[in-house]
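Per TrEMBL, the features are as follows:
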DOMAIN    2-94  domain 'Pyrroline-5-carboxylate reductase catalytic N-terminal'
BINDING   6, 7, 8, 9, 10, 11, 66, 67, 68, 69  NADP(+) binding site
DOMAIN    158-262  domain 'Pyrroline-5-carboxylate reductase dimerisation'
Ligand SMILES: NC(=O)C1=CN([C@@H]2O[C@H](COP(=O)(O)OP(=O)(O)OC[C@H]3O[C@@H](n4cnc5c(N)ncnc54)[C@H](O)[C@@H]3O)[C@@H](O)[C@H]2O)C=CC1
Ligand SMILES: O=C(O)[C@@H]1CCC=N1
């Protein structure tokens, strides 16, 4: 299967690294990238073909759109229409699949996906949505590309991709913010910087691993840490008093609203 990338930035690199680790051949991956430093870096690191112009990148089974949402329309309207069998896989936040099809001269085989940066270490999670004209085989090809860097979840309603964006697309930033806060609380309690970071990171990593492997409800896992009259009870009560659930809900609502706003703004162009 041949895969092309329009845009060779962070997300494209994460996906390319994962695909090569999963056994994709470097000869089957092509990238179009205008920045000469990025072109040299990708070609050297991965031995793939990286070019300044899109022409050769288009003759592929899956064409990944990995540029910023704000430039997508200009990029697509300057391209020839891809072959009907080419599955276009957009990872641009907010931009709707129907607008992509329109900018590609009514090329209807469009899958819209939202991956996340843990893809860099093969631990990504991506939501996908396919326009009705995408065949089962084209869907499977798009999924194979994303599965190279983690798990996938299909949604049947495109509006839910904005929810995926708010939860797992932007979510790593919420988790990193929590790690920052836990680390700085550790320093405030007298731990040195190294110990505070190691403890904060190990706690988030270990807790996520336990939740995934054990499979119990997160509330049940929390109950197992929380001894009656003990320390966790006080700590969790303080988190609840300070509105941690409301803060997370507000973060997700704001991110989803921004995804919709991007879709409205960019689709109206
Ligand atoms: N960073 C993240 O956590 C996530 C990002 N996304 C989406 O992925 C897309 C790419 O994001 P990043 O990789 O973070 O951005 P990035 O800025 O690292 O990469 C974008 C690349 O596109 C290149 N580019 C600009 N104009 C171009 C053109 N005309 N033709 C080809 N390439 C061009 C840039 O030189 C740059 O290397 C965005 O649409 C973003 O919404 C999706 C999921 C998560
Ligand atoms: O912040 C953004 O717009 C992109 C989409 C999800 C993660 N990064």
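The backbone N, Cα and C atoms fix where each Cβ goes, glycine too.
The structure displayed is predicted, hence computed values, not measured ones.
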Report summary line: Residues near residue 68 (NADP(+) binding site) by Cβ (under 8 Å) yet at least 6 apart in sequence within the same chain, in sequence order, are 7, 92
Query raised in the report: How many other Cβ atoms sit within 10 Å of the Cβ of residue 8 (NADP(+) binding site)?
Result: 26
Report summary line: What DSSP reports for the domain 'Pyrroline-5-carboxylate reductase dimerisation' (158-262) is 89 helix, 0 strand, 16 coil
